[in-house]
Amino acid sequence: MGVGVLEKLSRKTGVIVGDDVLRLFEHAQQNNYAIPAVNVTSSSTVVASLEAARDQNCPIVLQLSQGGAAYFAGKGVSNDGQQASIAGGIAAAHYIRSLAPAYGIPVVLHTDHCAKKLLPWLDGLLDEDERYFKLHGEPLFSSHMIDLSEEPVDYNIQTTAAYLKRAAPMKQWLEMEIGITGGEEDGVNNEDVDNNSLYTQPEDILAIHKALSPISPYFSIAAGFGNVHGVYKPGNVKLHPELLKKHQAYVKEKIGSNKDKPVFFVFHGGSGSSKEEYKEAISYGVVKVNVDTDMQFAYMSGIRDYILKKKDYLMTAVGNPEGEDKPNKKSFDPRVWVREGEKTMSQRVKVALEDFNTAGQL
């Protein structure tokens with residue numbers, strides 16, 4: 001292993017932005033690793049993720065989906081006009097910004113899929129980014145994702161370019177998607193999609209690069225190479241990571257780049273993929289891998305096992321197998337059983353950090 005990524009970063013701990021995000025992704029490409037992007041929905045899932053990255057001595061991406069951001073605000077808040085998703089996203093960002101330095105690792109603060117119908121959510125967060133930028137010289141979020149993969153390619157590229165123009169003065173990263181990722185994710189259902197549209201064409205990657213590069217270097221592309229969101233059995237999905245290799249070679253040749261990997265790729269719909277598929281995709285320039293479904297299951301499993309094991313101590317506030325007057329507070333205190341979910345989720349994040357070669361990269 002070469003020089004650790006901390007040597008490259010101006011901010012060593014906490015939420016990183018701008019050139020530091022670029023340096024992190026460049027370091028990832030050069031050293032054949034990717035950073036897992038964990039969807040967080042609560043303070044509890046945030047700390048489970050931060051703890052795993054700290055213990056594995058590596059960076060992490062924490063991301064909020066539109067639904068996850070609304071959940072952060074509370075299910076009792078109306079989401080008319082995306083107000084809960086905007087308020088929850090901002091609250092989560094401030095929470096992560098204030099807490100992340102305590103874990104001593106660099107963190108990329110990101111928002112996940114934003115389809116066309118959810119653009120008012122992204123607009124509201126960008127308003128807040130610009131306000132924060134005026135005060136602090138950096139945006140609130142390190143990066144955002146715009147997902148117009150269901151729209152015509154020209155509209156996708158033009159609209160993404162317009163958003164990158166808005167983000168560029170803040171040196172804010174923008175992730176975009178081209179080609180469809182199958183399955184179901186917040187607000188986007190592509191379960192019945194024709195298989196061929198799961199594979200992005202190299203001409204599209206080049207068109208994106210040509211449109212976005214003159215605006216800003218701070219962008220990445222989630223390309224379809226057979227990926228599917230959600231839960232599926234290994235072998236049911238035909239992934240073709242080698243397409244990413246072809247895309248890189250095509251773009252390199254067409255733009256005359258001296259880099260073998262001129263494009264920063266993102267791997268979506270990764271739950272259930274094999275370690276070999278991850279490693280192959282990473283070798284072709286994938287710098288970020290979205291992981292959500294597996295983490296949700298891991299979080300639940302710790303709480304499930306605790307509840308099943310402690311069932312006789314959770315039926316009443318007082319009274320258990322040790323005596324009808326024995327209190328159960330130590331068993332039903334949320335800090336006890338929620339922590340069980342954090343522990344199992346944290347363990348699962350650690351597995352991802354190993355699988356993607358992220359562990360030890362500081």
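Including glycine, each Cβ sits where the backbone N, Cα and C put it.
What Swiss-Prot annotates here:
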{"type": "ACT_SITE", "residues": "ASP112", "note": "active site, proton donor"}
{"type": "BINDING", "residues": "SER65", "note": "D-glyceraldehyde 3-phosphate binding site"}
{"type": "BINDING", "residues": "HIS113, HIS229, HIS268", "note": "Zn(2+) 1 binding site"}
{"type": "BINDING", "residues": "ASP147, GLU177", "note": "Zn(2+) 2 binding site"}
{"type": "BINDING", "residues": "GLY230, GLY269, GLY270, SER271, ASN290, VAL291, ASP292, THR293", "note": "dihydroxyacetone phosphate binding site"}
VAL291 (dihydroxyacetone phosphate binding site) -> DSSP, reduced to three states, gives strand
Cα nearest SER65 (D-glyceraldehyde 3-phosphate binding site) among recorded positions (ASP112, GLY269, ASN290, VAL291, ASP292) -> ASP112
Among HIS113, HIS268, the binding-site residues in question, whose Cβ has the most other Cβ atoms within 10 Å in this structure?
HIS268
With every protein chain in view, how many other Cβ atoms are within 10 Å of the Cβ of GLY269 (dihydroxyacetone phosphate binding site)?
27
Within 10 Å of the Cβ of THR293 (dihydroxyacetone phosphate binding site), how many other Cβ atoms can you find? Include all protein chains, please.
20
Cβ atoms within 10 Å, counted per site: which of ASP147, ASP292 has the most, among these binding-site residues?
ASP147
What is the interatomic distance between the Cα atoms of ASP112 (active site, proton donor) and ASN290 (dihydroxyacetone phosphate binding site), given in whole Å?
9
Could you tally the C-beta atoms, other than its own, that fall within 10 angstroms of the C-beta of the residue listed as 'D-glyceraldehyde 3-phosphate binding site'?
24
Could you tally the C-beta atoms, other than its own, that fall within 10 angstroms of the C-beta of ASN290 (dihydroxyacetone phosphate binding site)?
27
